[in-house]
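TrEMBL has this to say about the protein:
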BINDING   10-15, 35, 40, 91-95, 132-133, 166, 277-280, 347  NAD(+) binding site
ACT_SITE  277  active site, nucleophile
DOMAIN    333-448  domain 'UDP-glucose/GDP-mannose dehydrogenase C-terminal'
Ligand code: UDX
Ligand code: ADP
């Protein structure tokens, strides 16, 4: 089956970069990315490529190369659905904030809306690809909506979970470890899986494209993220022990990572993992396990999140304790707000929760992040609902100049591992700060000896 037109519903962190890569690698396929948000689509179409709504290294070059040729961004959702043979659903599926499964289950409202829309519009057979992370068995829900409300059109549903990490999305897509395609074990299902595999084969070797049944594919996505998050929580639990015992968590990571069975990656201790996926996917896994009566399985995975919350809380508490048990009225500067470097995404960023804890203690916080705008910082804090928007704006300021921010500061906390923080002249920063000048390094970015030689009281996660 030959695919000539693709529609992707959802122009976000997943849809935008993924479709840019597909368009750049498959010049004969016309790719249209659609979204309900006109504002977002306008940004994707902006003549200034620095205004794209998603920041990813290498993304703007791909958009520049393909936009208007075989990559289009549009709000004409129905038209794009109608024309495409293959439709990717790449909308957000946040954790439910209401009703059954509140705080755990994924909210599938957007997915269902997409399915109903596809059913309404489609006049020819379609392959529908789930890209968003979804609970196991969502494909059958989509299929049921499509089959029962469609116009007698044949739909094949595939699960093709996204494994890209933000900040390295383009490289992850171009050099994927594997692509996973789940679909029905029928002749039509096989044809659909092969059609999708054919797209990825434009740039990936065949043996990296795995085909499974649809449930295995959906579950594998949750499990991959749960295992990755578990590694971070595991090493973070050890960081607390290192701080008490004079062991150094970096040395422990290195020592265990040399064991090829364990492997060296994803063992960097930090202030805690963030991002839109890890917590959401584990909560999903916990919810699914619970709903099948597997309480021990649910408890096992929930502990990964409990440890992550502990790490963020521990970091904030250490700041308060070290600053003589009070931060009330003290200026604390955060370097970094994004959940990791090289992205402007702040979803579930540890910085949000550390700030919230310190604001409870009446600290005056100043934020500098090279990519996150002021409006996003306030939106993140307001979303928690801990205090009024006015109070958040009174106690917390966002600035553009990291050096100026350090003037008269009691402490600096490093929340994101942006490379530029390593290259600052920390002597100048030291001179501007109140003394003793404290630095709390939640990303293990700086060298302890150098910082102490300058005169800082320097605290690094996982090291006494
Ligand atoms: C993750 C998965 O890696 C990706 O495969 C999936 O598709 C989406 O979820 P992402 O959340 O974008 O990607 O970033 P990732 O690099 O996995 O980092 C997640 C969080 O863990 C970040 O806050 C990061 O700082 C933290 N982390 C990661 C650590 O604290 N230590 C590590 O060693 C690795
Ligand atoms: P992700 O990280 O999963 O890509 P984002 O929030 O970055 O999540 O992007 C999801 C996009 O999907 C948003 O731009 C949102 O406007 C869009 N969206 C959500 N529901 C629909 C829908 N029913 N139809 C079209 N677009 C939608």
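Cβ from N, Cα, C; glycine included.
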Cα-Cα distance linking residue 13 (NAD(+) binding site) and the residue listed as 'active site, nucleophile', given in Å to the nearest integer:
12
Give the residue counts of the domain 'UDP-glucose/GDP-mannose dehydrogenase C-terminal' (333-448) per reduced DSSP state, in the order helix, strand, coil.
46 helix, 19 strand, 51 coil
Close-lying recorded positions around ligand 2 among 10, 35, 92, 166, 277, 279, where CB distance stays under 6 Å:
10, 35, 92
Filter the candidate list 13, 166, 277 of recorded positions, keeping only entries whose CB is under 6 Å from an atom of ligand 1.
166, 277
Using all protein chains in view, find how many other C-beta atoms are within 10 Å of the C-beta of residue 95 (NAD(+) binding site).
19
May I ask which residues of the same chain, at least 6 positions away in sequence, place their Cβ under 8 angstroms from the Cβ of residue 35 (NAD(+) binding site)?
9, 10, 11, 12, 15, 41, 73, 75, 77
So if I measure Cβ to Cβ from residue 13 (NAD(+) binding site) and keep only same-chain residues at least 6 apart in sequence, which ones fall under 8 Å?
54, 166, 169, 276, 345
Translate the DSSP assignment of residue 95 (NAD(+) binding site) into the three-state scheme.
strand
Local confidence of the prediction over the domain 'UDP-glucose/GDP-mannose dehydrogenase C-terminal' (333-448), expressed as mean pLDDT:
97
Look up the residue listed as 'active site, nucleophile' in the DSSP assignment and report helix, strand or coil.
coil
